[in-house]
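Here is what TrEMBL says about this protein:
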- 7-28: transmembrane segment (TRANSMEM)
- 77-99: transmembrane segment (TRANSMEM)
- 111-133: transmembrane segment (TRANSMEM)
- 154-176: transmembrane segment (TRANSMEM)
- 182-201: transmembrane segment (TRANSMEM)
- 230-256: transmembrane segment (TRANSMEM)
- 268-289: transmembrane segment (TRANSMEM)
- 301-327: transmembrane segment (TRANSMEM)
């Protein structure tokens, strides 16, 4: 009986995180459409619900009611497994996010390593989607996406490695507490810049969305997916955007904490709101860059990673620990 109760309590804990995240992902789509409309001097969605806020639910209903078309020559198991794995891996990342002091599903001591593992596994959903559909457009999109994601994972991991060297920990809560005096975005601004470029590429956002370039590839690796499988890809992409925005707020803006100058006891009750506001800042940046920047050619995308960003990342991996040792402030 106690085992059943503990399982139910754990399930309630998980649902209390997953359901708000899915709602946040739904509203991220309407925020993106309204923000793009503002950038392009048009109205945007404004009919379904007050100010168009119910548009995501109308879109979801439309997609769910569509017919699921499966290519006759496709591998049907992998065809369905690809979108499910994409969504599941993007949602699993929320298991270690600290929303406040003691407010995390799991305060995992190797949280950063866990994030790296999920980020690497996310490649398989994209690759399987293109391969299983038996379509040259989908397969070309999946190959492009896989090459870009693997390349920019090097930049992403290099930026996070620098933060690990500064804090001496792989735990996200420890990283947040290490920023009480100053947020890492101030001393590590160049690192933040190439880190943010890397997460734009990891989440397949403009100007790095070659694998989904509508004008060239119809829809990229999910060309043959429709109805619910397409919804899973859509939710997985936007869940990754919100997740990486939250991780960026934790790694560079102190997470749920404010600098010591502004800290008082009353702020302890709104730590999750503070983290949410910081996350919204980076969600805004994702949409802002999509509305502003033109798409790169594929060779430019790869050259930017290997010839420009990677040497800078390696230089900072050597520079930061050298400064820590020289001034005898290393956490180790």
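Keep in mind that glycine also has a Cβ here, set from the backbone N, Cα and C atoms.
The stretch in 7-28, 77-99, 268-289 that contributes the largest number of Cβ pairs under 8 Å to the transmembrane segment (230-256) is 77-99. Residues 53, 56-57, 60, 91, 94-95, 105, 235, 238-239, 241-242, 283 of the same chain, all 6+ positions outside the transmembrane segment (7-28), place their C-beta atoms under 8 angstroms from a C-beta of that stretch.
Same-chain residues lying 6+ beyond the ends of the transmembrane segment (182-201) with a Cβ under 8 Å from its Cβ atoms: 148-149, 151-153, 155-156, 159-160, 162-163, 166, 207-208, 244, 248, 251-254, 259, 282, 285-286, 289, 301, 304-305, 309, 312-313, 316, 320.
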